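Note sheet for the following structure.
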């Protein structure tokens, strides 16, 4: 004998078949047999009401609406009541009017203006601070460049033996060397 307390009867008016593994419709929450489980198969009354969503281009939030509503009206209501951000004016470079984005813009550290990459230098845009002209370098930088030039000149002739009996003399300790390169290596001892 069959136990009719297990399972449920199909709620479709034509079928009413006892099903031991019934399906529940997500729209109307009624139980149906495998043959009538889809909303189309059992002519679901709530099938015409579909939920949809649009994404607000300003605040990037989803705005849901049903198929009976106009999406333009729904978005307008969202914009007036719920939208957190108002549209921002598009930024452009004050020098060339190029549209600025986060990838092609730089803020000048001197005047604070936001400019395109082409006009990022102080000389290239209307910076209200004085423009840099030939600013003399500090003495320490000048000395370093002079020493670097001397080392470069010495390295060119470092591996060539001195003509005649000339010897290189260390100015710190007085030691003599037949090659310039040996003197340079020796001078590193005094610098460390």
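Every residue, even glycine, has its Cβ placed from backbone N, Cα and C.
TrEMBL has this to say about the protein:
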- 4-52: domain 'AN1-type' (DOMAIN)
- 85-135: domain 'AN1-type' (DOMAIN)
- 168-192: domain 'C2H2-type' (DOMAIN)
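Model confidence over the domain 'AN1-type' (85-135) is summarised by a mean pLDDT of 79. Mapped onto DSSP helix, strand and coil, the domain 'AN1-type' (4-52) counts 3 helix, 10 strand, 36 coil.
The helix, strand and coil residue counts that DSSP assigns across the domain 'C2H2-type' (168-192) are 12 helix, 4 strand, 9 coil.
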